[in-house]
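So that you can see what the record holds, here are the features copied from Swiss-Prot:
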BINDING   439-446, 1103-1110  ATP binding site
DOMAIN    59-369  domain 'ABC transmembrane type-1 1'
DOMAIN    404-643  domain 'ABC transporter 1'
DOMAIN    724-1033  domain 'ABC transmembrane type-1 2'
DOMAIN    1068-1307  domain 'ABC transporter 2'
CARBOHYD  ASN98  N-linked glycosylation site
CARBOHYD  ASN819  N-linked glycosylation site
TRANSMEM  51-71  transmembrane segment
TRANSMEM  127-147  transmembrane segment
TRANSMEM  197-217  transmembrane segment
TRANSMEM  224-244  transmembrane segment
TRANSMEM  302-322  transmembrane segment
TRANSMEM  344-364  transmembrane segment
TRANSMEM  725-745  transmembrane segment
TRANSMEM  776-796  transmembrane segment
TRANSMEM  852-872  transmembrane segment
TRANSMEM  874-894  transmembrane segment
TRANSMEM  958-978  transmembrane segment
Amino acid sequence: MISNPSETKVSNFDDFSVFDVTPDPDELARKHKKPNDHGSVSIKELYRYAGFIDYILLIGGIIGAMAAGVLQPMQMLVMGDMMDTFDTSSMQNMDFSNISKAEQIEMNYELTASVADTINDLVLKMIYFAIGTTVGMFLMHFCFFVLSERQGIKIRMLYFRALLRQDAGWYDFHESGELTSRIASDVQQIQDGMSQKFGVLFQTICGFIAGYAIGFSKCWDLTLVIMAVTPFMLITVLFLGFFATKFTAKGENSLSDAGAIAEATIGNMRTVQSLGQEHEFADAYDKKMDSIKKYYILRAQVVGVGLGMLLFFMMGSLALGSWYGSLVIRGKGASKDCSAGTVMVVFMSVLMATMSIAQVAMPINALSTAQAAAYRIYQTIDRIPDIDCRSTAGLVPTECIGNIKLEDVQFRYPTRPNKQILGGLDLEIKKGETVALVGASGCGKSTTIQLVQRVYDPVGGKVTLDGNDLRELNLKWLRNQIGLVGQEPILFACTIRENIMLGAKDGETPTEEEMIECAKMANAHEFISHLPEGYDTMVGERGAALSGGQKQRIAIARALIRKPTILLLDEATSALDTQSEKIVQQALEKASQGRTTIIVAHRLTTVRNANRICVFHQGEIIEQGTHQELMDLKATYYGLVKRQSMEEEVDQETVENDLKKFREQEDKEAEQGILHKEESSTLESSDVVERLTKEYEAETKYLKHSNRFVLLRVLLNNFRHEWLLSFLGLIGGIGAGAVFPFYMIQFIGLLMTLMGMSPDVEPTTEQLHTVRNKCIWILLFGLAVFVTTYMYLGLFLSAGEKMIVRLRKLLYSALLRQNISYYDRKENMVGKVTTRLASDPTTLKGISGERVGNVVNTLSSVGFGVGIAFYYDWKVALCVMAIAPVLIVIVFLNGKLNSIQSSPATAAYEQSGITLVEAVESIKTVQSLTREDFFYNKFAADLKRPKKNILRWGPTLAFVSAANTFVTSCISAYSFYIGTYLIKKKSDYNMEFLPFTAQFMDSFTKMQKAMMSIMMAANSCGNLGQMIPDVGKAIEAAKNTFDVLDRKPSIDCYSEEGETFNDVKGEIEFKDICFRYPTRPDNAVLKGISFKAEQGKTIALVGASGCGKSTSIQLIERFYDPTYGDVLLDGHNIKDLNIHFLRSQIGMVGQEPVLFAESVIDNIRRGVPKGVEVSNEQIYAAAKMANAHDFISAMPEGYNTMVGDRGAQISGGQKQRIAIARALIRNPKVLLLDEATSALDSESEKIVQDALDKAAKGRTTIVIAHRLSTIQNADQICVIMRGKIAERGTHQELIDLKGFYYTLAMQQFGTV
């Protein structure tokens, strides 16, 4: 547990300087040029954050890759020597008439022994080459694994630090969802491009160069002829790289937009489901996915055509080379004394070099994707904001006096430059003075507070503190002098203790007693003490485990613990009940003494003791003075106060005594309930826990089954939906795999024909005919490989991209389907869920698309290769197959180890995603608390586990990958050894020499065909081994994906089941409702509540924060089901009703209204039930009813004005009015108002309240309100205390009762 966040330091993350991943972004930004403007960075820029150790690893990896690339074609030199060992063409013209048969038999034995000895020596050379290649492969895999993991962590941290650094103006143009999805997708793609795939690029390039170098050294003119088509191949490679990068960049931009939609909705599921907007958001997400699919399919087509063309040109070059090779052997070429072995070396080395180009598609694709992703990430990292919270520049005064002055301040929001918010504002606040800002919503009050914090800079004029322009002060010092409580308090997903401690100044360590004292001042200590875990209670995401009032009290305690010189209170008590408000208000007034305090409030009773009250109107101060002065003036302020007043006068002392009496009575009842709780609650709680656990297990009962055959499910999913593409791709993959084994048969036959030629003897007609036919066959194979490569790569890639897009759609849709309790669980926090949504489908490419095509191609190549080997020499094939299981075990061990390694890393990245989302979504709160370093360190701590795994897993994974190469090479060497041994064993030595050599050559030809087929099969298995790491990670991602897809929530918003009925009246009834949250089964929230709201009646729920009011509304919306009891709509149990039908009858306005990052009109239209059409005029009418039409129309773009991420571009009151309009456009039978007017100013509240009263006519309305003036006209008021209804009746009945409600009403309003 972190007792004091201010004690953490940035440097505490790294235990080893060798793994330091926290360079100073300022220094890096100065040292490195910014990326180019073409949507991708250069390779040099890609590695811009590499340190000394990283460059050592990069160089080591490149050396290893180059060694592996060079040594593989060099093995062809050994193959050529083997070929020359069997060359008997020089013996064809020898005269054997004078040699006895016994001597010829002796010659047979000598020839066989000589060949066997030579082969054995060459086999040893092959082993040596294999060892060298294996060392190179180990070095490549180890270095690039460690390098990519280190760089991935480093870039993640730099990107997160850059996000924490950016100012509010920048965030106004960027949705938080877009930014947070980048770290899950873009950084992973950068890491992927820096991984072993980058090493494979060097390996293939060096293999290409080495192959041609060997060719030139052995027979330069033959190599030159083969190279005649190289320019065409280079053009193809350039074409491939350019278009792959272009389409990748466009696709990734659309992916970021989709990520923003996902985060906005997943983070606000209550709003989405209450509006029944699951399908609409899913459709919007699907449109972004369709855009991605378009670009990725274009990329797939480019890759398929490009690689097919490369292989066609390669085959064409070999056909041309075969024809010219026959001339060289006959001495008619520029090079002389070229044997068949030399021609084979040239052919095989150039073939291997050219085939390496075919393998370049995957690393080029990964690299181009990484370069495009790096461009987007590095742009953010490079940006140094104008308001830089990390800057050490600026004045740091020795003390802060607290004199604030705004001189002719003009301000416009960056996203609305044509809309003036403040127009020449002049305001001076002296040390220790309390100034209240009042006025209509959107008039500039909260903007003024943001300018004092320097969240923004004014566009004209200046803001000064103690005579210093804020722009001249050190920003961190400035914000450390300020304590802020905002209108929508933000808590972080940690304990209550940590949340309060986050308010402490840098370098200060408040004691436990000081923290508790601040909680008491905020009237929070009592409710915290009643929580099972007390101050160690986790508050959930954005404080979701607490009520609005509880959150606000903790936020107040957080501000008080800072002991600030300046206190900013922006509607600090708006979410508090009357009882708490009075206590907290007194605490705030006490805390304000000696401090400069600025208060923004709509409840004017909270500002009457201010030294000065400033009345704002359209960005200007139209009245200012004390409360009494403004009341005497009888102008705007006077009218506002009158509208909030009641016509009763009370004795405040009596009220205080009554409140004290009720609190003591409540505590006494609680103490008396302890004995009963001890006797019965334990058994009850255990039963409830068991029941809730069983319900959760029922929802997830299919998950274990889904994980068993997840690989098969992905493949079948792909084939079922894209059967035509998959079928054609399957045929293409089988065909492409068959081409090279059959090509090798023709090639060996060609070599045998060439071995029979010599410069001294004219070739026979049959030999020339064979050479011509073989060249034609090779050219036909080239055409075949072009078609089949396009089919298996282009079509499988297209099918794979479609599958990934489809799975993204299904996964997002499944996430929208989950009930609210799913998101209450720690393992399903928004950050984790959005990280999975961004990364898991991308990782699934390891078992789809291109990978499936490559696997089919490989298995086909292996199958045909083994079949051909058995056909030509079954003994050789059988002997080699006997050791093949070793290679199979290594291949699958590689996959298993990669899956094991990726699982904890994935979990760590998901956990870091929670921190990222939490900080970015609440960036203004983070920066106002100067807690950037706290969240940075928290993020760094999340990444410790993958960091530690780097050295643990690097050598193991590299060893297994390198072992794959070694075993493949050993199989080739063993093939030659066993093949020669078998030829030696089965040869008939009692023959004359010439027949013996013919028999020997026939056996050799068959063995050669069998061995080359086996070698191609072994090489294919080796290539399969390089794909296995991605397969392991993809299977893990597939499990996560299908876990969500298979989960059946108990409250299924997609369900078509359930009753519907006509003529809905809207009668709501609670029958003995008991409720516990599934994640907190030990805490009983509602304890047997019963009430009935008849058609057209209004029921008000009042009570202290956390007593269960908002929970009741959530039960009506059926976000949860009651633990016991029933909720009825018109006598129907809502569990039996169709969920969409139920929610379409309800309009809800919440305490903290959520708007989406779209236009005003689109936000209002979100309230329209599915299948209903509304006109713009109806939308305008709803806005007028909510008193929103005038301010919307006054905006430069009117109803088309974008409200920003979570409505950040408009004020709290404006947001709430738009939310009310959104509820009214539904024309609901049941209206749920949870503090619906809490953020409105007095004038707007009166108008909106009248509108709501009018809208409530004919509708059943459930109202939650702390402002009791808003519920005076309710048909029934229920006072909830500790989960039970303590009092009920009309306003007058409860006043006459002179009970708790009466006391609250008198305490709240007092006298005027």
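Glycine too: its Cβ is placed from the backbone N, Cα and C atoms.
What you see is a predicted model, and the numbers here were worked out from it, not measured in a lab.
Annotated features, which come from Swiss-Prot, shown on the structure.
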| residue | record | contacts (Cβ under 8 Å, 6+ apart) |
| --- | --- | --- |
| ASN98 | N-linked glycosylation site | none |
| CYS443 | ATP binding site | PHE616, HIS617, GLN618, GLY619 |
| LYS445 | ATP binding site | LEU437, VAL438, GLY439, ASP570, VAL600, PHE616, SER1211 |
| ASN819 | N-linked glycosylation site | PRO1049, SER1050, ILE1051, ASP1052, CYS1053, PHE1119, TYR1120 |
| CYS1107 | ATP binding site | ILE1280, MET1281, ARG1282, GLY1283 |
| LYS1109 | ATP binding site | SER547, LEU1101, VAL1102, GLY1103, ASP1234, ILE1264, ILE1280 |
Secondary structure at LYS445 (ATP binding site), reduced by DSSP to three states: helix
Maximum Cβ pairs under 8 Å to the transmembrane segment (852-872) - stretch from the list 127-147, 197-217, 224-244, 302-322, 776-796: 776-796
Confidence summary (mean pLDDT) of the domain 'ABC transporter 1' (404-643): 85
Folded-back contacts onto the transmembrane segment (725-745), same chain, C-beta under 8 angstroms, at least six residues removed: 315, 718-719, 777-778, 781, 784-785, 787-793, 795-796, 798-799, 802, 852-853, 855-865, 868, 1009, 1012-1013, 1016-1017, 1020
Around the Cβ of GLY1103 (ATP binding site), the count of other Cβ atoms that are within 10 Å: 26
For SER1105 (ATP binding site): DSSP state (helix, strand, coil): coil
Cβ-Cβ neighbours of SER441 (ATP binding site) (radius 10 Å): 24
Other CB atoms, at most 10 A from the CB of SER1105 (ATP binding site): 24
All-chain count of other Cβ atoms within 10 Å of GLY439 (ATP binding site): 26
Secondary structure at GLY439 (ATP binding site), reduced by DSSP to three states: strand
